[in-house]
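Participant: Below is one structure. I have some questions about it.
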Amino acid sequence: MTLEEARALDATDALAPLRDRFVLPPGVLYLDGNSLGALPRAAAEAVATATTQQWGERLIRSWNEGWMDAPRRVGGKIARLIGAEQDEVIVGDSTSANLFKLLVAALRADPARRVILSEAGNFPTDLHIAEGAIGCVPGASLKVVARGDVQGALGPDTAVLLLTHTHYKSAERWDMDALTRAAHAAGALVLWDLSHSAGAIPVNLGGAGADLAVGCGYKFLNGGPGAPAFLYVARRWQDRLASPLSGWMGHAEPFAFVDAYRPAPGMTRWLAGTPAVLGMAALEAGIDVWADVDLAQLWAKSAQLFDILHAAGAAVGLECVSPIAPNARGSHISFRHPHAYALCQALIAKGLIGDFRDPDIIRFGLTPLYLSHQDVWRAGDLLREAVATEAWSDPAYQVRAAVT
Ligand SMILES: *Cc1c(COP(=O)(O)O)cnc(C)c1O
């Protein structure tokens, strides 16, 4: 593809106007929105309003003026993006904490089933939290198998199949329908981690018949650093599962101030403590951008952006580790390179921000809301040049920072 062809695609791109709703620093090509989404202009305003007006002037009255209801309201807005009903999603805590709540609840759902089954190389926190969750349920264990062995490892002892829908490194995507069916055929629940899927690709939890899900607010949803996460429980499970973090915000009557815990009906029982209002304000503004987005258009554009960058990598012999078939992947592209860390640093110095994942992966997020075809073409041009000129060989790029 030529730069002119990329320009022509931009000229007919229905999503192009959304770019203006984000703050994008000049001179930066930001291809890391799968790790920390860009700042929506409205989020900066929403945090300012929540601070100066709601907190500053309305003070405690604000709890009854939108704060208390925010976890359900924002959850309801996320629902459309993941194929859920509005009363099946709630926002709060982190993805890690929500994983813990749902895994323990799933283990307790059927005393005959004691195993959490997951994939080796899953996102670290998913496996770490699973390890912690089994410690809370007598007899429980964690079985971690290679990706290709997951389906065959389902059995009569499986309580819950824990999978990350889109793999954070490779972008490989599980077939949600097929794996949900397989889990159900074995009598197990399925918990989907949608952190790299929500806002990246069309997701249909309801259509797949999924039981449980969690996901991140600060990646493709653009909710800001450490944004509250979301949690999904299919309606049919809502009154049968209970959170092990039985805090007062999940109580049926938090302001009755009684000693005994009684879970609230619906999704409210998954709340633990007081919602993080300022983070929620930023997240809600990020989510509101999605109100105008056609997810089929989003996904079609993501596929085009992938092709542009894939072709640039192929031109200099870079090994792409992401699936080529669009329906087998998420919305990022990863290449393997023996000097991936230094290559990533060299590109950042040139204004192209991607990221590095140990030991040899360089990863680029494709976020169609604020990346144009030209942006990705330019990113590909920088990538081609950096690989061809061995830009990574500069010793300055070899020094590893603590946080990558
Ligand atoms: C980003 C990500 C998380 C993040 O969890 P936090 O609790 O927000 O740190 C969890 N799981 C997956 C699969 C992720 O990609």
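Note that the numbers count up from 1, one per residue, in the order the chain is shown.
Cβ atoms here come from the backbone N, Cα and C positions, even for glycine.
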Participant: Among THR158, THR180, THR274, indicate the single residue that TrEMBL lists for the pyridoxal 5'-phosphate site containing THR95, SER96, PHE123, PRO124, THR125, ASP126, THR164, ASP193, HIS196, TYR218, TRP248.
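Facilitator: For the pyridoxal 5'-phosphate site that includes THR95, SER96, PHE123, PRO124, THR125, ASP126, THR164, ASP193, HIS196, TYR218, TRP248, TrEMBL also lists THR274.
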Participant: Using the structure shown, find which entry in THR95, THR125, THR164 (the binding-site residues) has the sparsest Cβ neighbourhood within 10 Å.
Facilitator: THR125
Participant: How big is the Cα-to-Cα gap, in Å, between THR125 (pyridoxal 5'-phosphate binding site) and LYS219 (N6-(pyridoxal phosphate)lysine)?
Facilitator: 16
Participant: Which one is it: of the binding-site residues PHE123, TRP248, which Cβ has the fewest other Cβ atoms within 10 Å in this structure?
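Facilitator: If we count Cβ atoms within 10 Å for the binding-site residues PHE123, TRP248, the smallest count is at TRP248.
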Participant: Hey, does DSSP put PHE123 (pyridoxal 5'-phosphate binding site) in a helix, a strand, or just coil?
Facilitator: coil
